[in-house]
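According to TrEMBL, the protein carries these features:
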BINDING   GLY15, PRO16, ALA17, ALA18, ALA19, GLY20, LYS21, GLY22, THR23  ATP binding site
COMPBIAS  57-74  compositional bias 'Basic and acidic residues'
DOMAIN    11-210  domain 'Cytidylate kinase'
REGION    53-74  region 'Disordered'
Amino acid sequence: MSKHGMKYPIIAIDGPAAAGKGTLARQLAEVLALPYLDTGLLYRAVARRVLDQGGDPAHDGPEQARQLMPEDMRRDDLRTPEVDRAASLVAKEPEVRAALLERQRLFARARGAVVDGRDIGTVVFPQATAKFFITASPEVRAQRRYIQRYGQSCTDSAALAAEVAAINARDGQDASRQTAPLRPAEDAVQILTDGLDAAAVLEKVCQILQEKGIIRV
Ligand code: CDP
């Protein structure tokens, strides 16, 4: 049993691009003393390998997914706009998703985990202890992505519009794919985070986990 009284809790955090899933999941993992898995990094690392080989992200993902090594996820060039686009393309491929599925489940086997992605509550861990679907308007998410990338907020409306377009394109692709599309699980708690900073989102989630009896106070 964990100190919170649950055996191997798994907390699933899904949602569209740049909604703040990673920040929330990392902080929540710390609060709950659970391991944290950012599943987007797996798809990004596959995409990076395809790009490095001069391959086509729409077709060459499966081979690279099967050869993925732990060090591929530690590279510092996985969050570029080019990799954003290529990750969403490799992620459409059922063979890529199948090659990564067991790896994700194994990660949580020993001690549970906080896991963020697109299909965690629907496909990877349908029996998760708790599921959250984190959203924000495209404009808010574009601004968050810009700050994450450049360390300051964007004052150039054309640059912000380009970021909104890129986010909308990726969400459209992630939500319309056949295999494991981006969508909230039926039993996920949806949280709209416009106007909420990271601390407020964390507080809200912790409060819900307390109400559900997953965190004991
Ligand atoms: O950080 P951000 O929300 O922009 O993206 P990410 O979580 O790093 O995911 C990058 C891409 O990987 C997404 O656009 C999805 O296409 C794909 N992905 C997925 O298909 N399933 C997951 N569980 C996680 C990511």
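Any Cβ shown, glycine's included, is placed from N, Cα and C.
Annotated features, which come from TrEMBL, shown on the structure.
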| residue | record | Cβ within 10 Å |
| --- | --- | --- |
| GLY15 | ATP binding site | 26 |
| ALA17 | ATP binding site | 23 |
| ALA19 | ATP binding site | 27 |
| LYS21 | ATP binding site | 27 |
| THR23 | ATP binding site | 18 |
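Close to the recorded ATP site, the chain also has LEU24, ASP116, ILE134, ALA136, ARG141, ARG144: residues not among GLY15, PRO16, ALA17, ALA18, ALA19, GLY20, LYS21, GLY22, THR23 whose Cβ is within 8 Å of the site's Cβ mean position. Mean per-residue pLDDT, taken over the domain 'Cytidylate kinase' (11-210), amounts to 97. Each residue of the region 'Disordered' (53-74) gets a DSSP state, and the totals for helix, strand and coil are 11 helix, 0 strand, 11 coil.
DSSP assigns THR23 (ATP binding site) to a helix in the three-state reduction.
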